[in-house]
Each structure stands twice: as C-alpha cells, then as structure tokens.
Amino acid sequence: MATLGDIGVAAAINILTAIIFLLAFAILRIQPFNDRVYFPKWYLKGIRSSPLHSGALVSKFVNVNLGSYLRFLNWMPAALKMPEPELIDHAGLDSAVYLRIYLIGLKIFVPIALLAWSILVPVNWTSHGLQLAKLRNVTSSDIDKLSISNIENGSDRFWTHLVMAYAFTFWTCYVLMKEYEKVAAMRLAFLQNEQRRPDQFTVLVRNVPADPDESISDSVEHFFLVNHPDHYLTHQVVYNANDLAALVEQKKSTQNWLDYYQLKYTRNQEHKPRIKTGFLGLWGKKVDAIDHYIAEIEKLNEQIMEERKKVKKDDTSVMPAAFVSFKTRWGAAVSAQTQQSSDPTEWLTEWAPEAREVFWSNLAIPYVSLTVRRLIMHIAFFFLTFFFMIPIAFVQSLASIEGIEKNAPFLKSIIENDLFKSVIQGFLPGIVLKLFLIFLPSILMVMSKFEGFVSLSSLERRAAFRYYIFNLINVFLGSVITGSAFEQLDSFLKQSAKEIPKTVGVAIPIKATFFITYIMVDGWAGIAGEILRLKPLIFFHIKNSLLVKTEKDREEAMNPGQINYHATEPRIQLYFLLGLVYAPVTPVLLPFIIIFFALAYLVFRHQIINVYNQEYESAARFWPDVHGRIISALIIAQILLMGLLSTKGAAQSTPFLLFLPIITFFFHRYCKGRYEPAFLRHPLKEAMVKDTLERAREPNFNLKPYLQKAYIHPVFKDNDYEDSRFDEISGYCIEDSDEECVTVPTKRQSRINTPAVSHASRGSSRSPPSK
C-alpha cells in the first residue's frame, strides 16, 4: 500500500515527466522544420505558409532567434486568448463544447475542494479511528489519516460528512443545470447561424419496402412525391460499394509505393530499385519496382472499372435506403421527426449526417440484421469486461509489496530497497493499468462499427458509452474490490463475522492512493504527452523524407488528427466519478483531479486552435451523454457513501442520505425534459425562420444542383468517372433545373387480375404489359 512517501516519489516522477514533455514541445514547436506538425490547422485553412520557403539556409530548419527561446512559454496565454465565439467560428461548436467539459470539472471541484479541505480534512485528521483499526490488523497508510477511515465508528462527526454530501450534490446539480442551459442555447444559436449545408435539407430513409414492380429508386421517388408533394426535391439511393471501396484503397496504397520508388530513383538514377514479389517482399522473383507497381495500378484500374460497371448494372447492389433531400429545412424537419408509414418498421427516417460524416460501409448492412449484430456485441462486451478483471487484479497486486513478494519471491531483495519500493507502489500500478487500457478504445470502436451505426458521431458516442461502462466496472469498482476485500482477506478469516463489514468500511477509502497514482500517470504526464505529438512528429519527418514530392503530399503527411471523443470523454468521466466519490471520503485526492482538469483544458485548447481538424460537426449532439454520466457518477457516489457510513455505525445520520439519490434522479428528469429536446429534435419554428431569411437574401438560389450529388458514395466522385445513371436515378429533374418536378405515375400494377411478378429486374421496357 502506497504511503505519503510513495505518493511523493510518484508525484516527482510524473511532474518531471510532464515538465520534460512541455519543455520539449515548447522548443520543438518553434523550429521551422516542425511547423506543419504543430500548426497544421492553419495550413489547412490557407492562413499560414511554410517558413522553409524563405530566409537563410540555416534559419529554414533551425530557429536562430534567441528571443523566441526566452518566450518559449508564450503558447500558454495564446491558447487562452481566443474568445469562445471566435473559437466556434475557427474550430466548430463540437470543439468549443468539448472544452467546456474540462471547465465544468473546474467549476465543480474547485469549490468542493476548498470546502472539503477547510471542513472535512480537519475533522478527519483530528480523529483516532485508525489507531483502533490497527488492533484489528487492518492495514492503512499515513494518507488515510486525512480520510473518513480515521473517524471512530458511531462518531457524531459523520454528520459533517452528511452535510457536506448535500452541499456537494446541490452545487454539482446547480453547475450541471447552468451548463446544460448554456450549451443548449449555444447549439440552437449555432444551428440558426450556420451556413447552408446539404444535411440541413436531407434525411436518411432506411428499410424501404421491396416492391415487385418498382426499383428502390422509383419507390422512394413515388413515396415522397405522394406524401411530401410540396417539399420533396431529390434523392440518392445507397449502394453497396464496399468491394469497390476496397479496390480504391488498394490502388491508393499501391500508388504511394510507386511514388516512393519513383522518388528514390530520381535521387539515385544509377540503380533502379528492385523488389521481391513474394509475401511482404521477403522472397520471390526480383523485379523492377517501378514497372511492377505501374503494372499493378493498371490492373487495379481495370478491376475498379469492372466493379463500377457491376454496381451500375446489378440491382442487388442498391440497398433499401436513400438520402432524400427537400426544398426547405422545414420539410426535412417534418420528414425526419415524424412516422412515415402505418408500419413503424418501414420508411424509417432520421436526420442525415454530414456527407463527410457518413460511414459508408455500414449503409450496406441490411437493416433487419442490426438487432442481431447489436445483441452479439452486447454479449462480446460482457465477456470483454468480465475477463479484463484478470489484468485489473494483476495491477492491484503491484500496488502491494506483500503481494509482489508472495507471487515473485526472487524479487524480494530488490523491492525491499526504499526507492524501488516507492517507485513500485507509487508509480508502477498506474503506468501498468494505462498500458493495459491503451488498445481498448480501438477495440470498442471496432465493436461499434460491427453494430452498424452509419455516422462517425454515432460510432464515437456508442464506443464512448461502452468505455465509460468499462471504466466504471473494471477500473473503478474492480480496483476497489480487488484492492480492499481481497487484500484484507487474512484479517477477515481471523475475526468474527460481525466485524467484517466494519473492516470493509475502513478499507474502501484506502484505494484512494492507487487512484492518485493513476491520475498522475494518465492525467498529468499523459496530457503533457498529448501536446508533444511525438508519434505524428516522427511519422511526418519519415514521410517527408521518403514520400513527399509536392506541397499536396506534404499537406497529406501533416496528419493533424482530431479529438478522439470515444477515448477522451470516458477518461474525463472517470475523473468526475473519482472526484465525486472521494470528495466526502478522501478529499486529499481532489487537488490531483483539479490539476488534471486545468492542464487538460490548457493543452486541448491549444490543440484545437492550432492542430486538430475535426472530421465532422454534430453541433454538440453529445452533451446529453456528458450530463447523464456526471449524474450517474453523482448517484454512485451517494450510494457508496451510504454503504460506507452504514459500516461505520452511523445509524442516525445514514438514513438522511436516502433522499440524495432521489433528489438527484428527479433533477436529472427535469433537465432531460427541459433541455434534452434541443439535442434530439429541430424546432419547426427555427427551420421556417431560417428558410424565410434565406429566401429573402437569395431569392434566385437554385438548390437542386447544390443537393443532387451531395450524398453520392465517395468512390463514384473520381474525376475519371462520370455516369449518367446517377443523374437518372438521383431523383431530380434533368430537363430544366429551374422547372418544378411533377408527380410521376407509379409503375405498380393492379393486383386484382395481375399476379405480382417483378418487373424491376427486366432490362427492357418499363411500361405495363399490354392487355
């Protein structure tokens, strides 16, 4: 168990690591040859130009201005200088609201920490509960004297913790309500002021029913011309182009290798590069690399054209789904937010994501299989969570010197050294846990993709939800259980049964030391490592040396990245959970969390301004999830405090805590009804106002050309591929774009005397058979 000395060693290691990362960043960012790594967002906006194009030879690569080294920390005030409205214009509402999560952490925990340290810490410190606990052989450390563990059973001092629990709850709820109100207003204002985008006029229609007499495209056109005659404008059916997309990706990879060997040959024309054609180039016949890849690209071009023809001619490649666009935002809002058919499983509509946000491969998944896929992933996630208890138990064994000596007695002579003991107990458990979790976000994202979500934002939200549940069960509850009940097992066996609940009550707060070490590793050094961008830095210079030939190549090599919401938001929620749980129990943990929120806010604000380039904009659609998880953490903290006090003989004060979860739950229901609709539905009033203003400003704007190809699959947007079929089936009038489309007659036949024979697959005439 970590002592105050162990915590001090861990703090020194992590602070030193964070300082090294920040100093390295401050120096590397001002070097001209790293400019594209640390300021890629400004290059993508066309505002910043490369310093390598001007100046003396040395100054093109190394910053020789000594004054800039004296101002190496000026990135900190610069990161805080940009006001929020300008930040929204610069990076989008998603990025600005994401930063507000860190601000909420500061708003909640700074006042709570001041209150806890001024009231709870003196109350805990002046008690003598741990001296009595030693008589029952319960292990503890110096840091536990600052926690609730140091209060004697049945003491009236527990009333202080009860009052503080109410104060913490009311303050947290107040901050959450104000933030929910603020973010909801920001979202509505953002949507109202947003520039014209295709997704504002478009809905995604899924589970289009099969018709034996009409193709999917004709069915969609007929349905919306009949049911939305005044607002329907155009549509684009969805294709299963996954095989074609795979070929296009393969061609792109092959082209990169061709570029690499051509560049290599231009630098040294005395030797033509050669490769082996076998597996990974390890064996096989040696051939000319350039000729080989030129031949491969020609072969892939032929395969791509064949696959395109197949998609064009094969009606089975058309999925029962379509992107349907309307003449007005009002029409799209009505369609997206209403039931289209008496059968609630058909003609399912939802707001279309941005075209750049669509996860095209999942649109090819049959809608009827989504339920089965999600059931499979629920089961897989259960087993993933369950079996991960094994590494969690291993991590907790590292937090105990006794456990290490028992499992690895040959290390006893090494770990008995005071310095090694401090490093092992204060630093090693946190870093090992972080290493175990490093691939988890990617695994959860793969699971979300398998479930069939069709937008990047929905994929990230589902992965974030699962990551949050995983952290709650394994990282938090798993660490507490394996770190308290298991390590006190010997004590349990030697005492009477009625003493066991008291021992558990004293032991639970002891795990605060482990979480403190984890916060320092992940929240201090980890955040400082985020701003250094070591991996993108290395890969940029490798690509710049081996592959880059043009400015476009150099731009693609920048890799600005983005906020990985599915990985970062659950991590933030873990800190909310730890802070709310331990605020009335072990307040000494709160300063470590506050440092995390402050440092993370500074770092991510800098990254959002200068580095990240978001793939999509959801207008803060994720905020209800953020709010709900903080509420969940608050309720969990209240329940755990009740359980803890019930083992401490606080029979008089504990029942008063029963009201807290009830109050919190009804507060959540109030916020859900008051603010959440702004994130789920688009008001028709605002849609009509925006349509009216736009028509007044641009009365002659032709919306059809703007929308008609907005949602064509990216593999059909190549410059060398134009196909009139997509004009023909996209559902817009091609005779004259200024004329209104008229209702086309349905191709369905009467079922009274005619058998239901499909005519959609007939390649010849589409007219009804003669009688």
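Cβ coordinates are placed from backbone N, Cα and C, and glycine is handled just like the others.
Quick caveat, the model's predicted, so the values are computed rather than measured.
Features of the protein shown, as given by Swiss-Prot:
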TRANSMEM  7-27  transmembrane segment
MOD_RES   S54  phosphoserine
TRANSMEM  101-121  transmembrane segment
TRANSMEM  158-178  transmembrane segment
TRANSMEM  375-395  transmembrane segment
TRANSMEM  427-447  transmembrane segment
TRANSMEM  467-487  transmembrane segment
TRANSMEM  512-532  transmembrane segment
TRANSMEM  584-604  transmembrane segment
TRANSMEM  630-650  transmembrane segment
TRANSMEM  651-671  transmembrane segment
REGION    744-771  region 'Disordered'
COMPBIAS  751-771  compositional bias 'Polar residues'
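At the 8 Å Cβ cutoff, the transmembrane segment (651-671) and the transmembrane segment (158-178) share at least 3 close pairs (sequence separation 6 or more) and count as touching.
Within the same chain, the transmembrane segment (512-532) stays apart from the transmembrane segment (375-395): fewer than three Cβ pairs sit under 8 Å, each pair at least 6 residues apart. Below 8 angstroms of C-beta separation, residues 9-10, 13-14, 377, 380-381, 384, 388, 391-392, 394-396, 398-399, 459-460, 463, 466-467, 470, 475, 514, 517-522, 526, 564, 566-567 of the same chain, each at least six residues beyond the ends of the transmembrane segment (427-447), sit close to that stretch. Counting only same-chain residues 6+ beyond the ends of the transmembrane segment (7-27), those with a CB under 8 A from a CB of the stretch are 38, 69, 72-73, 75, 143, 419, 422-423, 426-427, 430, 513, 516-517, 520-521, 524-525, 527-529, 531-533, 599.
Outside the transmembrane segment (158-178), and at least 6 residues removed from its termini, the chain residues within Cβ reach (under 8 Å) are 104, 107-108, 111-112, 115-116, 119-120, 123, 148, 151, 580, 583-585, 627, 630-631, 634, 638, 641, 645, 648, 650, 653-654, 656-657, 660, 663-664, 667, 671. Below 8 angstroms of C-beta separation, residues 18, 76, 79-80, 98-99, 102-103, 105-106, 109-110, 112-113, 116-117, 120-121, 124, 143-144, 146-148, 161, 164-165, 168, 508-509, 512, 515-516, 519-520, 523-524, 527-528, 530-531, 563, 572, 575, 578, 637, 641, 644 of the same chain, each at least six residues beyond the ends of the transmembrane segment (584-604), sit close to that stretch.
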